[in-house]
Amino acid sequence: MRPNIITEAGIPTRLNQCWSSIPFITSGVVLICGAIYLLCLLVGYDSYDEICFLPTAVASQFQVYRFYTSVLFHGSLLHVLFNMLALVPLGTELERIMGSVRLLFLMFLLATTNAILHLTIAFLVAYNPLYPVAYLVNECSIGFSGVIFSMIVIETSLSGVQSRSVFGLFNVPAKWYAWILLVLFQFLASNVSLLGHLCGILSGFAYTYGLFNYLLPGPSFYSKIEGLSALSVCVRRPGFILCTGGTTYGQLPTYSNTSAAPSALINGNFLRNISSWMPNRQISTVQEGEDPRFPGRARTLGSAGAEPAAREASANLHARHTVANTVRADATVTADQVDTFDEELKKLVGMGFEKTQAEVALAAADGDPNVAIEILMSQEG
């Protein structure tokens, strides 16, 4: 049996491998939130009432900047640590499907809609004639968790699973997953913003049901952003994932295995498990009228071992590389990456792996042959 390169590596190598596998925007948000917290800690800044989301300040003084500053600041080490640990698997999965620019726009959209919902509900509850709850308009909220709750709803809807594991303790229906987390956090943690998390869930459902479609720009917007010369350094970064433009590589993933999936908040092997399913995937043909909520490179799972599905997957993989090369050329990415991909693919085929499976695994591993070998070996096992 071939040695497992990943598991036999040392801790620094594993950490470096783990960090390098996080896409550009997700890792950027982690670094920004972490740096802001450390800077506040070093300079002794604790005037969070100046930057938190405070409905009265937003309404009376029109301090719209609080929509976004409140998302980036955190009140304690555990606060920022837990939020970022939750963001990494969620952001990585969504960024690989949507692309880096799309995910950045999604985060901006969710932060904005969460704040608007928070503001509206706070004043409606505070000034309703039946049972006013005045403290909501004076509640100061900070943290990225509102956006994370929105992403939980979106990722759960996108995954197609029927149930989810809550902290590895018990399984719940997927449609109730975010609501159960909302209730648990209220009981398990102190100083938790119920309204902030609730608005995150509502924004996530509004997005998945298409209520924000009129706010989403067309594919040409993302292509123009990626083509800007000022951003060429970012686009060339290994973790930067190009948007698919007007062409999708497949439909939303709907999993044929409806058994419980581990929670993205808890299971550190979330991405590895997702990647290990890829050889069973069937790539569908390009569809007109892309759904603007869930664009990207997601593939539909087909029945494993079906010969017609394999032929269709092979043909579409060829089309996929043609489209991918064109997109990279538009974004000023050199063709050397394609040559490197082909060279690594030949090596994997020479090691005895089936070409189609090796190609999909290498694409899932962002061209890293070591990760691709681990994906392929997990299928053989």
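Just so you know, glycine gets a Cβ as well, placed from its N, Cα and C.
As written in TrEMBL, here are the features:
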TRANSMEM  21-45  transmembrane segment
TRANSMEM  65-91  transmembrane segment
TRANSMEM  103-127  transmembrane segment
TRANSMEM  133-154  transmembrane segment
TRANSMEM  166-188  transmembrane segment
TRANSMEM  194-216  transmembrane segment
DOMAIN    340-379  domain 'UBA'
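Mean pLDDT, taken over the domain 'UBA' (340-379), works out to 77 on the 0 to 100 scale.
Sequence-distant neighbours of the transmembrane segment (133-154) (same chain, 6+ residues past either end, Cβ-Cβ under 8 Å): 29, 33, 48-49, 51-56, 59, 70-75, 79-80, 83-84, 86-87, 90-91, 94, 106-107, 110-111, 114, 118, 121-123, 125-126, 177-178, 181-182, 193, 195-197, 199-201, 203-205, 207-208, 264-265.
Non-local neighbours of the transmembrane segment (65-91) in the same chain are 22-23, 25-26, 29-30, 32-34, 36-37, 40, 48, 51-54, 57-58, 103, 108, 111-112, 115, 141-148, 151-152, 155, 191, 264-265, 267-268, 270-271; each lies 6+ residues outside the stretch with a CB under 8 Å from one of its CB atoms.
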